[in-house]
Amino acid sequence: MVKPKRLLSLLLRLIAFGATLAAVIIMATSHEKGSFFALSYEAKYSDTPAFKYFVIANAIVTVYGFLALFIPSESPLWRLVLALDLVFTMLLISSISAALAVAQVGKKGNSSAGWLPVCGQVTKYCNQVTGALVAGFIAIITYIILLLYSIYTFLNSLLGKTPCRLSSPGI
């Protein structure tokens, strides 16, 4: 039987794994052909370095998340997992920040630089990018919750304390 602490950690890791995998698949398959006046073009994630970085970072975290599912809770490797959770959470945050900046320019354009918005011409592509970013945000939020929970349980086990109660009986 799985311990309740391990069950919560496992559930959070499964959610994070699914979200990063979804972000990779959605972004990597995003493409659409469009035209603007007489110009024909194809919008795809691989044309943008920030989107490639997003896919690569999420793929790395997906593999890590899958492997972390199989580490026993009694293993001394959990200290390393805690440190890697922090590193990979920061990696996800940096990749989504870069991708979100490019997506914003694609949606709104930048009149100062003379960049026109493209989402009016390639709406399917922009919707796929938005879906990938939403999945990425779900992964980040899940990893932050997982990180906080892991730190909490690690410190409690390190200090030999049980979680404190917020209220006393009879109050």
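In case you wondered, yes, glycine gets a Cβ from its N, Cα and C as well.
With respect to the membrane, SER46 and LYS124 are annotated on the same face, judging by the topological domain names in Swiss-Prot. Across the candidate stretches 7-27, 53-73, 80-100, the maximum count of CB pairs under 8 A to the transmembrane segment (131-151) is reached by 7-27. Mean per-residue pLDDT, taken over the topological domain 'Cytoplasmic' (74-79), amounts to 84. The DSSP breakdown of the topological domain 'Extracellular' (28-52), given as helix, strand and coil counts, is 8 helix, 12 strand, 5 coil.
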